[in-house]
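Engineer: Take a look at the following structure, please.
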Amino acid sequence: MASGGEKTPASSAQPRKAPTPHASVYGRLSERQKQGACTFSPSVSSKYSPQQLVTPAQPPKAADSRSSPYSAGSVGSDSGASPFDICMSGNKCPIKLNSSLLEINRAKRRDKELSKDVAPFQYLRPGMVMLKRFIKPNDQVKIVKVCQQLGVGSGGFYRPGYRDGAMLRLWMMCLGKNWDPDSRSYGDTRPFDGAQPPTIPEEFRKYVQDAIQASHEILKQRIGAVNAVEELPLMSPDICLVNFYNSSGRLGLHQDKDESRSSLDKGLPVVSFSLGDTTEFLYGDVRDEEKVSKVDLESGDVLIFGGKSRLIFHGVSNMKPKTAPKWLTDETNLRPGRLNLTFRQY
């Protein structure tokens, strides 16, 4: 998912194919933004199995990618920069007074009480549902911290771009398989440094299965057991794209259609986790922002689209700053913005 922006060709850029939907989907960052925003670490707390919190690892020293055999002629990126940390570190960000554990737990309970007033299941259209605040607070913390640990290691967060030097307005980490925005294809390694994507943590896979199962249970009450699976097919994720958008992030309308023909034909769903700031999500049958529907995605929401909705156009029109739960930012030091994990089966 991404948003458009003007590209500034680099003097040494290689000739490239015409822009693809993804090329116009992801926005680009200014030089000032290249310096990096504070990082955050997502954490998910499953209502089925509470997890112990993980202490974030310290970012390793970045290698000099200029000597890498993958650098020349590969997709543009900040490959020589230090790994992007989605959580703020004390030596880079303003000092703040974190809430006490008692205050954090009170805030979590308050959010839980408020969530009772929100419909937990929203049927958006055939093949597309939303589970409001499905990811519990402790699980959200867990997810952020695990992503932070993976993100500062090999194959972690970086700012992707194109051969002509244009950069995307987000930081990305691929799990399972690498997705190359320039070629719009999956592979086993990243073109610019040869790094292999980290594997998808088993806990994350369980969260996905829990979400699909919960959706089926509710759909069965609406349309019957057999039809529920037809509307939202079962899937076992082997790919997860983890994107961090800062407060100015935007995602233009696009389709997720780079998976295998078999996966797309079966309508195997995309399962999306939202953590951090609230964002306005767009979706529709055509690539026209005047003709789409809109829904807010808040921290802890799970969005699933498959079956008849597998190839819908979707995107993010704007972020809503300072809407992340305070307990989440206090426990993780998550940077201002949104952490989005999208799972799919190749």
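Positions of Cβ are set from backbone N, Cα and C atoms, glycine also.
Residues annotated as Fe cation binding site in TrEMBL: His254, Asp256, His314. Among the features that TrEMBL reports, compositional bias 'Polar residues' is placed at 36-55. What TrEMBL records for 236-346 is domain 'Fe2OG dioxygenase'. Taken from TrEMBL, the feature region 'Disordered' applies to 1-76.
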Engineer: Mean pLDDT over the domain 'Fe2OG dioxygenase' (236-346): what is the value?
Structural biologist: 96
Engineer: Would you count the other CB atoms within 10 A of the CB of Asp256 (Fe cation binding site), including those on all shown protein chains?
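Structural biologist: Looking across every protein chain shown, the total is 20.
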Engineer: Quick one: among the binding-site residues His254, His314, which has the most Cβ atoms sitting within 10 Å of its own Cβ?
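Structural biologist: When each Cβ's neighbours within 10 Å are tallied, His314 tops the list.
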